[in-house]
Amino acid sequence: MADNDFLSGEAIMVFKKEILDSHSDFTRSLSHQSASPEAYDQENVFSQDFQPFMKQDKETQNSASQPTSEQSLANRDPCTVPDDLREEMMRQRRKEDAFKTALCDAYKRSQACSYGDQCRFAHGVHELRLPMNPRGRNHPKYKTVLCDKFSMTGNCKYGTRCQFIHKIVDGNAAKLASGAHANTSSKSPARNAAAHNHSLFVPQGSTDRSMDLNQSLPIRQSDLVRAFARATRLDVSGYNSTAQLAQYFESQFQRIQQLSSHHH
């Protein structure tokens with residue numbers, strides 16, 4: 001019984017010694033491998049390979065946690081910023097609203113643009129977009145409502161810049177405007193010129209007082225020529241007198257009437 005206990009105790013001691021020796025050998029082997037130049041080089045190469053990814057990830061986290069100054073400025077309330085920053089905010093918003101809302105002049109001339117895809121203007125009608133706050137000709141209601149001043153008096157001080165439709169709807173007003181130059185020549189030269197220009201657009205003997213001319217009556221002859229050139233895209237530089245222009249308008253009006261009668 002005692003011999004068996006002694007053998008068992010000796011076996012346990014041997015087993016413990018083997019475990020300790022194995023652990024010591026493993027520790028020495030591990031320390032030797034970690035201290036070897038090859039292992040150091042492998043570890044260094046591994047860290048260098050992953051360094052760009054770690055740097056990129058860090059930059060991504062920083063950009064996500066810290067927005068750019070333009071983004072933070074655009075998201076701020078205009079009522080809570082100083083005047084200079086508010087002006088910068090409005091400038092950025094106007095720039096963003098105007099993006100691709102007009103055709104590129106360089107692209108229209110030569111079908112090429114040095115800015116390429118970075119151009120703020122549209123390279124073709126397919127790229128055009130409506131602005132966020134349309135004004136002028138871009139407004140959806142541009143030239144959709146009659147101009148009260150022009151409809152009643154046949155004249156408008158805004159001229160071709162008027163945002164409303166210039167259409168004669170009152171026959172009495174048209175007669176008054178067409179004959180005003182004979183009655184008020186000594187009282188108001190400006191009104192006389194306006195009435196005379198109006199008679200150019202309303203040919204004598206015409207009973208159609210509702211024709212849509214879609215533009216006003218310039219007072220000066222040069223304005224009249226430019227307005228007609230813009231509307232028709234024709235060269236009217238050869239017409240040096242108002243009488244020649246009146247004759248030309250008369251012939252154009254008759255031609256339009258003939259075309260409309262053929263269609264009906």
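From the backbone N, Cα and C atoms, a Cβ is placed for every residue, glycine too.
Bear in mind that the values here come from a model prediction, so they are computed numbers and not experimental data.
Listed features, source Swiss-Prot:
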- 56-82: region 'Disordered' (REGION)
- 61-74: compositional bias 'Polar residues' (COMPBIAS)
- 98-126: zinc finger (ZN_FING)
- CYS104, CYS113, CYS119, HIS123: Zn(2+) 1 binding site (BINDING)
- 141-169: zinc finger (ZN_FING)
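Within 8 Å of the centroid defined by the CB atoms of CYS104, CYS113, CYS119, HIS123, the record's Zn(2+) 1 site, lie the Cβ atoms of ALA106, TYR107, TYR115, GLY116, PHE121, ALA122, excluding the listed residues themselves.
Taking Cβ-Cβ distances under 8 Å and a sequence gap of 6 or more within the same chain, the neighbours of CYS104 (Zn(2+) 1 binding site) are CYS113, CYS119, PHE121, ALA122, HIS123. Computed over the zinc finger (98-126), the whole-number mean pLDDT of the model equals 88.
Helix, strand and coil content of the zinc finger (141-169), in residues and according to DSSP, is 9 helix, 3 strand, 17 coil.
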